[in-house]
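Notes for the one structure printed next.
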């Protein structure tokens, strides 16, 4: 087990810059998730840690040792691939045992360790099967078992759940979390699924355009998004974002006026509010008046999209809510949960009564 | 169209009775006719493909005086084989030459072709595809054009009339084609697996050996069969580059065209020896070939 550090790492493919000056440090035993849309550089970052991709500039350290020039085999990491990366001509047992075999560990020692790893992921009875005779979830378990069969310094997981169906994904997510906790191995996990990121991570690095947008705990990223990208990327449904203007301590947008403890010299801003911080009210009883654009029952709640002025806001209403298309409705906003972003830079604006420092 | 307008009645009328009043065949007799037609077609195909083989086999066992008779009833003899193995035909040493040249070609070509195929498949070369296409382009040059320079080169190297010369000459066409056959298979192997092997602790070479080669086996087997067939049957280079010591079966066959006419029964006896490995091969190796052709459809 070891820490992982990336210092000023850059990656260019020809003239395309995939990563720009990335600084990232993962503590020993930490579960760090790299989260971002496709093409944001998260997989490239992980592949550089693995040694499958060379860094154009900067240093990569595993356990304090510079590994830029080390081959993948000498970095003592284990990786779980999106497509599992199993060896189709080998049985499950041979697949799991391969990392031991290439390290010259044979005989009963290898057998025992393969068996223990297989049992940990509940693969015991399938050891003699070939990968093609397994279901997607079982293949994923083989890939996991192969990663844990020897205790590497770092686990790397590249979207390991994205090929599984939704139900299995939830189960496997919990198993991965449990396994990582039990083994205490430093883990870097790449995903574009924010739920996976929120549920698994100790810390999340939200990436976009080859730059880390925010690196913090899931709570902090949810509660205090550092910029518009993070605000829009995290949360389902995404945060409501309303462009407008602050003048005299009041937020104003076409058809929307919100009074609150806003900074006096606000100027052009974008106001963000999560759907669960917006409550519905009878027409005339809220701060924002509008009409129901659509309402969607999710099971535990109803998501009501309201068109107010030039904007559309999503509110989370109790599951008993029934509002017809176009019926008038009012919304109230929890003033303490409002986020403000600078319209020009997209950065979060900290304001008076909020001790978020962000 | 023109026919229809010139013979309106005949064209239009002909199909009508069958449609309105089809010839009532019981389904059983219809099946019987279809079965007979199929059997007949199969027999015809068999005759075309195996007729010459059977003819050679029979001729090899005939006495010289029976060779031109079409009768299949004759007193079989093994004299022809005995003569073929003796001077001046030396069937034994020529078979050995053929075996050594063919085996040598396969054993040397496949590792080279596999390594080259891997390189062409996985690495980006300056100049892109030009290199791998160039390898194939060498095959568009007819052997007749390069045979004289090749002859001169082998003479200066002192390799004329050696098996090594024939192996090298065979490799000049076996390796390029094999590279392309194997490359197709390696292209289809996802890079994930090799990368997984490297992270699991294997060197690149070990990853190739442990993961890429086993998965490319159908392709390598296909290339091996190809290499065997073409080098076993190779005639032109062997004719020019061998004289006495390195003469192969194919060239030896020409020895039966003597001043006293063609000794068909001797040629047929030699033909038996030439055909034999092909028959064995097609019996035991074809499933690899088939596996090679269908692999990739199932992952």
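Glycine is no exception: its Cβ is also placed from the backbone N, Cα and C atoms.
As the structure is a computational prediction, the values presented were derived from the model and not from experiment.
The feature region 'Disordered' is assigned by TrEMBL to B:1-25.
Below 8 angstroms of C-beta separation, residues 67, 72, 74, 76-78, 80-81, 264-265, 268-269, 271-272, 275 of the same chain, each at least six residues beyond the ends of the transmembrane segment (B:40-61), sit close to that stretch. Marked as transmembrane segment by TrEMBL: B:40-61 (among others).
Annotated domain 'ABC transmembrane type-1' per TrEMBL: B:95-285, in sequence order.
Within the chain carrying the transmembrane segment (B:99-121), a Cβ under 8 angstroms from the stretch's Cβ atoms is held by residues 131-132, 135, 163-164, 166-167, 170-171, 174-175, 178-183, 185-187, 208, 212-213, 216, 220, 223-224, 227-228, 231-232, 234, 238, 246, 248, all 6 or more beyond its ends. Taken from TrEMBL, the feature transmembrane segment applies to B:99-121 (among others).
For B:133-152 (among others), the entry in TrEMBL reads transmembrane segment.
Under the heading transmembrane segment, TrEMBL lists B:164-186 (among others).
Remote same-chain residues near the transmembrane segment (B:207-232) are listed as 98, 101-102, 105-106, 109-110, 113-114, 117-118, 170, 173-174, 177-178, 181-182, 184-186, 189, 193-194, 196-198, 274, 277-278, 281, 285, 288-289, 291-293, 295 (criterion: CB distance under 8 Å, separation of at least six residues from the stretch ends). The transmembrane segment annotation in TrEMBL covers B:207-232 (among others).
Here TrEMBL flags B:263-281 (among others) as transmembrane segment. Same-chain neighbours of the transmembrane segment (B:263-281): 53, 56-60, 62-64, 67, 80-81, 83-84, 89, 91, 95, 225, 228-229, 232-233, 249-250, 252-253, 256-257, counting only residues six or more beyond its ends whose CB sits under 8 Å from a CB of the stretch.
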